[in-house]
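S.K.: Here's the feature list from TrEMBL:
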type     : residues  : note
DOMAIN   : A:89-295  : domain 'Cytochrome c assembly protein'
DOMAIN   : A:315-627 : domain 'Cytochrome c-type biogenesis protein CcmF C-terminal'
TRANSMEM : A:6-29    : transmembrane segment
TRANSMEM : A:96-113  : transmembrane segment
TRANSMEM : A:120-142 : transmembrane segment
TRANSMEM : A:209-229 : transmembrane segment
TRANSMEM : A:249-266 : transmembrane segment
TRANSMEM : A:273-293 : transmembrane segment
TRANSMEM : A:352-374 : transmembrane segment
TRANSMEM : A:394-413 : transmembrane segment
TRANSMEM : A:425-442 : transmembrane segment
TRANSMEM : A:448-466 : transmembrane segment
TRANSMEM : A:478-497 : transmembrane segment
TRANSMEM : A:605-625 : transmembrane segment
Amino acid sequence: MIAEAGLAALWIAAALALLQFVLGAMGLNDSRAELRAGVRSVAVVQGLFVALAFGLLITCFLRSDMSVKLVVENSHSMKPWLYKFAGTWGNHEGSMLLWVAVLGIAGAAVAIFERRLDDATLVATLAAQALIAFGFYAFLLFASNPFARLNPAPIEGLGLNPLLQDPGLAFHPPTLYLGYVGMSIAFSFAVGALITRKVDAAFARAMRPWVLGAWIFLTLGITAGSYWAYYELGWGGWWFWDPVENASLMPWLAATALLHSVTVLATRDGLRAWTVMLAVVAFSMSMVGTFLVRSGILTSVHSFAVDPTRGSFILALLSLYIGGALALFALRIGTVKEGNQFDLVSREGALVANNLLLSAILGVVVIGTLYPLAAEAISGTKLSVGPPYFNATAGPIALVLVIVMALGPLTRWRRDNLKAVVSRVALPVLICAVALLAMAAFAPPIGILPFLGIVLAIGVGAASLAPLWKRNLRRTPLFTYGMVVSHLGIAVALAGMSTERAFIKETLVAARIGDTANVGPYKIKFLGIEPIAGPNWTALEATLQAQRGDNLPFLMKPQARMFSSPPTETSEAAIATRLDGQLYLVFGKGDGTGRWQLRLWWKPMVTLIWLGGAMIAFGGMLSLIGRMRREWGQNDRKAYGV
Amino acid sequence: MKAKHQRLILAVVAVVALTGSSLLAMSALKDQASYFYAPGDIARQGIPAGAIRLGGMIPMGGIVHQPDGVTIDFTVKDETGTVPVRFRGITPALFKEGSGVVAEGSFVGKTFVATNLLAKHDENYMPPKAAGTEHVTKTLKE
């Protein structure tokens, strides 16, 4: 019954989305303004029903209801409950239901909390949101029903891909989806504002928290995904330029550009058309990301390949929404009035440069990701674009972007004096120069890119803190701290990426029990090996003793795991985190004569990469809290007539 | 400066930036477009310089373990070519004779020295060119 109830809830939610769209579209006509009142409540109820449908699917998974096809294909009664739970979205149908559930709940949240937009724009926004949701409901109901039954029901399920049985990956997709779907709200806001011709600062202020929230989740999702690949795949890499990774990077780049341009629009009423355009692009990138990952057209190392007909469905939705939004943009953009003017040397100027550079990176990543698909579709040649392409194109632009990012906050809004800017930049540049000389004198030869990266990270770190210089720290608004923390996070991540590449130490040996090997500052002794059993796997576990100088030795236990359903082997690296880096041990195969392969890495400062990512997201949270506090403060004052 | 001029400058800068980046992308793609090779491509076109990906099947009996315990030699082949490969490291779980592989690395002489055998993937995965040449592993789902 649960599955049928879930399907019914999904149909009702779809019908409500259609109703919400129709009411909204008709209500836009001023003669029928009374219809507008219903749109908000329909949006809330739609959110409730889709949440109910998703909750019921989770229930099916938690109960291991093997009469539901999706549960059979992706779960197993022996699985730990966390992975039964996460298995709900560890597959195509479930993840699409999660997508539309987040969409519906976010729409309900807009309906409940959004009080700044004028009535007509809000109704147009909710109507656009309902139309997006309706497409996805149709997709679920007609092309990928998550509640389909299997008759006769098998006794046991097939299990979940063991690579996905990891707490990091269990929560990775929902985080990314919150980001993707947040972008859909920014998109709906843009469509709403275009329809009612009210692209102005008030619209930007209403849109900004949603953009900021979505961007925080995207940042967290990318950071967590990178760390997951690093520790779970056991190959020690943290970014691969895999299409599935790019699928989350592309919306992030667009969202970052949007976040900065929406700030210009909200505070200075400039960049109106550009901001609307970016909102369309950012959501398009989220859709492209979903399409890439879920269509089955990718040959990714992650390989989530599914049925290509579903790919065509998503592609059709994609072209409908994006094409529609672009057509609306073309029709209406002429009526969007020009915003305020500014000098080229100004905060706005720096933000425009930031936007152009982010767009340029987005462009080369999109080309690199889609070119192989296009080439195959057009000429039938199969080719793959890899890290060398992305490093050669995105790398240099990113370095320039980082410099602009350091300069931007040191300029004034509207108009600035070049000389004054130079004097404000002097100290960070000086610090950078000192770092350059120190590195040239003392650092071992490490290659030009890591070298530049470290120097730049130090300079950018100094410049990021500069906006706090000589300010009253207690009166500095929280969102300024947010910007400082985020920019500092970029410097920290850059430092981590550069030092990891420059100073990494690696030892690869075939060792017998009792042998020792050295890696970086550590001496590793191979103590033994024994079989162990987990809830749904068995493993060989190696015990290694690591000692640094005369410090106390400690034990590390990497494993090679065997899962039976589906039959797969995974390797669980043993990682020890220290203040100055990570010791990363992987245990490989035995050769039958008593020797076992061991791969030992000492990765100095590698944790800075993800610490930086977390700081970027944390800065976003500070900004969001700061903005909301300020607005609530203003609303309270208004309410009390102050 | 008049608003009109400013917009013109911004538009020009934007066009220059985007053209520059697409030129950069194009030139990098020209080097990289032939990034993925099958053994047959190598047989026809000769040995490429620089880092590439090599994808194909490992024939039965194709893997030889060296005495140091961490180096293996194997061959990657398709219907028209065979390439000898050397790899030092821990092989991914699904690396075995009779299955597909994608190796990253570059040629040293006539031997392809792999720095990375593509990370673990699920049992459905096939390198693009290999999928057509040998039988595709049937999964439980099918």
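Note: Cβ is positioned from N, Cα and C throughout, glycine not excepted.
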S.K.: Quickly jot the same-chain residues contacting the transmembrane segment (A:394-413) by Cβ under 8 Å, restricted to those at least six beyond its ends, or write none.
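M.R.: Result: 267-268, 342, 345-351, 353-354, 357-358, 360-361, 364-365, 421, 424-425, 428, 449, 452, 456, 459-460, 463-464, 466-467, 483-484, 487, 490, 494.
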S.K.: To the transmembrane segment (A:352-374), which of A:96-113, A:120-142, A:249-266, A:448-466 is linked by the most Cβ pairs under 8 Å?
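M.R.: Going through each listed stretch, the top one turns out to be A:249-266.
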S.K.: Between 0 and 100, where does the mean pLDDT of the domain 'Cytochrome c assembly protein' (A:89-295) sit?
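M.R.: Overall, the domain 'Cytochrome c assembly protein' (A:89-295) comes to a mean pLDDT of 88.
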